[in-house]
Every structure is written in C-alpha cells, then in structure tokens.
Amino acid sequence: MLLAVDCGNTNTVFSIWNGTEFIATWRTSTETQRTADQYYVWLSTLMSLQKVDAQITDMIISSTVPRVVFNLRVLADRYFNTRPLVVGRPDCALPIDVRVDAGTAVGPDRLVNSVAGYDLYGGDLIVVDFGTATTFDVVDTDGAYVGGVIAPGVNLSLQALHEAAAALPHVDISRPQTVVGTNTVACMQSGIFYGYVGVIREVCARIKAERARPMKIIATGGLAPLFQQAEELFDDWKDELTMHGLTVIHLYNKTERHPE
Ligand SMILES: Nc1ncnc2c1ncn2[C@@H]1O[C@H](COP(=O)(O)OP(=O)(O)OP(=O)(O)O)[C@@H](O)[C@H]1O
Ligand SMILES: CC(C)(CO)[C@@H](O)C(=O)NCCC(=O)O
Ligand SMILES: [K+]
C-alpha cells in the first residue's frame, strides 16, 4: 500500500491508499525537528489503535518545507524499506507540464493540486487551496501548470492582526451575521471573511479575463467549505484534492516509462 505524505507549513497529513481508496488519514503539526523514529512511533500507534492493517510498500511525499524531507526519507528507508518519490525532485515525473519562469521552484503542493484538478475536472481550472497561504493555481487546457497567485492564508491574516495590535485578540474565522461588526471579534471576522470573499472573487475574475476563456474554480483545504457554504464561490470543492494528486503522480511514476 501507498503512504502519501502532504507536508504543509502548518500541518502534515499522512494517508494510506490501498489502490482504490484512502483507508486512513492522520494529521500532525509540521515540525522540522521530528525524527524518522518519532514519525514511526506516532504512525504505528495510530495504525494499531484504529486496527489499520496495512503493509506499506511505497511512499510519496509533497513537502513545502524542504527540511522535513530528510527525516521522511529515513522513515521510508528504515521502516518501510522503500525509496520515496519526492514531488519536485528530478526523479519524480509529473503527468503535466510546468510552464513558469526559468529557475522558479513552484511549491510541490501547487503542482500536486494541479495534477489532481486536471485528473478530476479536466483543463482550464483555477484551484484554490486554503492552507497556510491561500494559493490559486492556474491549469491550462492541456493540464499544464501555468502560474497562479499567492495570498496570505486566512488564519495567518487573523494571527497577524492579533500579533501586531495590542488590543486585538486571537479569533477564529467564521462568517459574521452582518458585515458591520458591533464588537471587536465581529469586526475582525468581518474584515477577514468578507475580505477573503473579495479576494477570491476578484482574483478569479481577473484570471478568467486575462485568459479569456471559461474556467472551473475548484477549492480545497480546511476552510473551503466555510466560504463555499456562505457564498457559492466555487464550481466544486474537494477535501482530499492534494492526496488524490499524490496517488495520481505515484501511479504515473509506477506505470510509465519516462525519458531522462
Ligand atoms: N471553521 C474553521 N475554522 C477554523 N479553522 C478551520 C475551520 N475548518 C477547518 N479549519 C482548519 O483548517 C485546517 C486545515 O487546513 P489545511 O490542511 O488545508 O491547511 P493547513 O494545514 O492549515 O495549512 P498547510 O497545508 O499549509 O500546512 C485545519 O488546521 C483546521 O483546523
Ligand atoms: C505558497 C506555499 C507556501 C503554499 O503552501 C507553497 O506552495 C510554497 O512554498 N511555494 C513556493 C513558491 C511558489 O509556489 O511559487
Ligand atoms: K495543504
């Protein structure tokens, strides 16, 4: 079975794919200090607690944090006796082209999202991912990643307000009843929630205008449902988009022959 690891700047998600479906998914905070042995203790404990009987034979990693890859490689080697595929490395082929400025290291999560989006929805897509950053990935008609937009993440923006202003508390995102807040928390939630609705609308409208063609907007990440339920901003949203992309890339590398 495949162990797929999606390592973001805030959280790292491990999922086990049996070839047809994900049989388990676990989340931990991303920490550069965590060793292979620590990962394994955590993983094997969860597997036995939830009676997940999986023989891990393959591993694929997408990491936006370069420093954690070393220890994940050791995990693969020491405990699963396999050499992991690492998205973005030359020996991990992608089923899509990447058309960006020379020397640009596109975040692997964005490439994986583009692969997943193209696999599920076809070309001419905007994939919006609400993670540490809010990213917009533009997928061309033929599935190529052709660039996008990086905005601060929703939780990051709330955190920045709290850290920079002595009188502003830590608050969680939610949709306020009214746009005009009558207390501090409601004012902050309104600024972030409706501010992001505006960001999403404006960025997607400008991408569509710039590319002069109809495009589907697909959202993923923890906060996608909150925005979708409130404002119908997306054509669809998918919880496990990044994980799906990892399985597609794994299968592609397993089954295709690629010229060097
Ligand atoms: N209604 C909500 N309010 C606040 N946080 C939420 C809500 N719904 C989901 N979340 C949070 O969203 C997060 C899931 O987001 P996701 O995995 O897409 O990105 P992340 O882990 O925050 O960022 P990254 O992938 O960059 O590390 C979880 O931390 C979850 O607690
Ligand atoms: C933008 C983030 C932080 C989103 O996770 C990640 O994709 C990243 O570190 N990207 C590198 C720069 C780029 O994608 O162009
Ligand atoms: K993510």
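All positions are counted from 1 along the displayed chain.
A Cβ is built for glycine as well, from the same backbone N, Cα and C atoms used for every other residue.
Where the annotation comes from TrEMBL, it is an automatic prediction and has not been curated.
Of the residues Thr82, Thr104, Thr132, Thr134, TrEMBL puts just one in the ATP site with Asp6, Cys7, Gly8, Asn9, Thr10, Asn11, Thr12, Val13: Thr132. Look at the Cβ of each of the binding-site residues Gly8, Gly107, Pro108 and count the other Cβ atoms within 10 Å; the largest number goes with Pro108. Spanning the listed substrate site, residues Gly107, Pro108, Asp109, Arg110, Thr184 have a farthest Cα to Cα distance of 38 Å. If you compare every pair of Cα atoms in Asp6, Cys7, Gly8, Asn9, Thr10, Asn11, Thr12, Val13, Thr132, the residues listed for ATP, the longest distance is 14 angstrom. Proximity of Asp6 (ATP binding site) to non-local residues of its own chain (separation of 6 or more, Cβ distance below 8 Å) is seen for Thr12, Val13, Ser15, Ser62, Asp109, Val112, Thr242, Met243, Leu246, given in sequence order.
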